[in-house]
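Residues or ranges marked as domain 'GP-PDE' by TrEMBL: 557-866. The repeat 'ANK' annotation in TrEMBL covers 168-192, 267-300, 302-334.
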C-alpha cells in the first residue's frame, strides 16, 4: 500500500493534450533531422506551409547572402583577415547590415578565432547586446560555453546584462560553472554578486552545477561569495547531498566547514545514505560522522540505515567503514528485515561475510514480519518469551494505521493445484535479455542525447504483439520472450522513439541468422543503431537463448501423469506458499553429462585424469569412456548385481558407486530398481568453464537436453509396459540456468530445480566445514534475486539453496516460497556427526553460532552430503 501511495503521490498528472504533445515532439524531431542534414550539405527543401497558430515571424534573408557570409568567415580563419575587412566595409551600405553582422558574430563565437571576432567588433556593426532568436543567449552565454575570453571581456566592458537567462533559464554564470571557467566565474560574481544563487528551470543553482560536474575550483569561488548551501524550499536541491552522491570529497569538506545542515532530500535520504547508495569513498562517512551525522539514521522511505544501502548496492568499502565506525549491524527495516537479507538477495557475498562477522551472536536471527499479508508474526513457537512480547506489541500497534484497519483477506482455504507446467509443443521459445542502467544495453555515441525515450520491440510475424520498454531499462523489464513457429523467418525490429512522439530516433534489426542457434543455443549480440538518415549513432547489446521443442516423441500426458504442486494463491499472479506437491521420499543423485557421440553417462566431473592428462568427458566417445573405466578396475557385472539387490536399502552407497561406475544413464536406469527415485544432476559448464577447459566438442543446450530426455522418456515407456501401477519419480537439477530452462520448456512431466551455491558454510567460517561425499564439477553461485527470477519466469518447480545461507538469513525462505517455488536446503557441506563438535568449536571461534548448522525452518526438502535428495511430506490442504 505504501509503495502504491508513493507511486501515485509523485506521479506527474498530464496537464496537456497528449495528441498536441505528440505532434510537437514529431515536429521537433523532424526539424532536428532536417537541420543536421542541411548542415552536412544535403539539399533539403523545407516545408514553408505551417499552421497559422504555430507560425513564428522571422525576418527573411537571402540564402545567397548567408552562404557568402560563411565563406568570408572561413577565408578569414585561413589567415585572410583583409577579405573580412573588405566584406565589413561593403556591408556598411546594406540595409540589414547590423542584423547580418550581429548574426554572423554570434555564430562565430564558438568556432572562429579571436582575430576574426575582433575584426567584426571593430566594424561597429555588431550589436553586442543582441540575443539569439531561438536559444535566447547573448554573447556572454556563448563565451562561457566556448571559453572565449576575448568575447567575454568585451561583453563585460560593454555592459552586457549578466543576469539575462536563456531558454533553459540559465545565466552566463551557470554555463561558466558547468564548463569550469574559473576566471569567468570570478568576473561574473564581481560584476553581479546577486546572481550567485540564481536558479535555472531545473532548480539548479551555479553551485549545484559545479557539484554535479565536479568543478571544484568553481564551487570554491561560489562558496567564497556566500553561495547558499541550504535549501530555501522543499523543491530545492541540497548541495551537501548531491556532493555526497557524486563523491566530491573536497566540496563536501568545504560545505561541512560552513556548517551545512544534514537534511533529507525528496526521497527521504540523508547525506550518509547518499554516500552508501552511490558507492562513494568511505572517507565521506568518516567526515560526516565528525560533523555530527548519525550513521544509524534511518531514511524516510523504507527505514533503511546507510548499512542497508551499502549492503544492497554491494559497496564493500562503505560497508566495512560503517561497521568499523560501530553502526548497529542487527538493525531491521520497516519489514523486519536486516541488511544481511538484502546482501544475500542481491548476491553480494563479501558484504554478507562482513555483516556476518559483525552480527550479534547472543540470539538466533528473528524471523521477519510477513511482507505480503500485512504485519503479522511468524510461528510464535519459534520465538522466545521476551521476543514474543516485543513482536506482539509491534503487531498490536500496526493493526490500525492512520485509522484505517487492515482490509487484507486471508488466503483461500482450498489451494490451487497445478499439474506440470507450460512447455513447447511445436513452437520455438526465444528469450532476449538486456542489461539495466544508463550504461546498459543501449549506448548512444553522444551521451545524454536522448535522456527520455522508449524502445519498441516488434517482429514482422503477425501473431507477435510489439513490446515497449521505457529507457533506461529497469530490472522488471529487462527480459523479453517470444514463441515462434519458424526461426528461418523470425527477425526482430528494435526502434527507439521519444517518450512522447511517433518519429523514429534510431532503429536496428536482428536478422534470423542471429537466432538460428546452429552452433550454440545461447549467445550475445551487438547491433548498430541507425538514425533515419542511416548514420550510425550508437549500439544495442543483448543476450539471448533459443529453446527448441523436443525433437523426439514426448511422453503423452494422457498416459504419463505429470507432477503437481499446490499453492495458496495470495496475489493476482497466483503466487503463494507451496502447501503440497507430488514430490516425496528420497531421490538418489546421479551426475549426468554427454560424451562426444551424445551418449548420456554418469560421471561427477567435467574431466577425467588419464595417464596424467585431464581429458574432458565431452571429448571422449562412449566406447573410449568405457575403456578408461575398465582400466580403472570397474566391474560392470558386480555393479549391476549390487544395484539390483542392495540399492533400495542403501541409497548413499549406490550414489558413491554410481559416481565412479563409468556407466551410461540408460544402463543405470535399466538396472536400478524401479522403486528407487532419481535426482538427475545435469553437469553443463558455464561459458567461462567451457573456455577454461577448452571443451570444443560440447553439445549445445538443445542437443544436450534432447539426448538426456530421450533416455528418460524411453525408460519411462519401458517401465510403464513392465509395471503400469508404479512409475519412478525423476527430478532434474543443475547449477546451470540455461540447461534448466531447456529441460523445463521441452517437457511437462518432470520437475526442474535450479541450484545455487551462494553462502556455503566454508565461506562463512573461512574453510571450516566439509565437502560432499562425491565432489562434483559445475557448482556456481548467483544472487538469490536472479535465481528466483529465472525460476519463476520459466515455471521451475523451485530452488536448491545452501542451508547455511538460509539459516543466516531465514527471511529468504518465506520470500522464495511466496513466489510459488519449492525450496530445498543443500546441507552437503555440513560436517558429519562424528566431527560435529570439533567443527562447531572452530566455527564458533570464527563467530558462527551453532544454529548456523541447523536445518532451516520451513524448507520443503534437503540435499544431503551422501547424495540423497529428500522431500518433506507436505499436507495438501
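From the backbone N, Cα and C atoms, a Cβ is placed for every residue, glycine too.
Just so it is clear, the model here is predicted, and its values are computed rather than measured.
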What mean pLDDT score does the repeat 'ANK' (267-300) have in the model?
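The average pLDDT of the model in the repeat 'ANK' (267-300) works out to 94.
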Give the residue counts of the repeat 'ANK' (302-334) per reduced DSSP state, in the order helix, strand, coil.
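When I sort the residues of the repeat 'ANK' (302-334) into the three classes, I find 17 helix, 1 strand, 15 coil.
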Could you tell me how many residues in the repeat 'ANK' (168-192) are helical, how many are strand and how many are coil under DSSP?
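The breakdown for the repeat 'ANK' (168-192) reads 17 helix, 0 strand, 8 coil.
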Determine how many residues of the repeat 'ANK' (267-300) DSSP places in helix, in strand and in coil.
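Taking each residue of the repeat 'ANK' (267-300) in turn, the totals are 16 helix, 0 strand, 18 coil.
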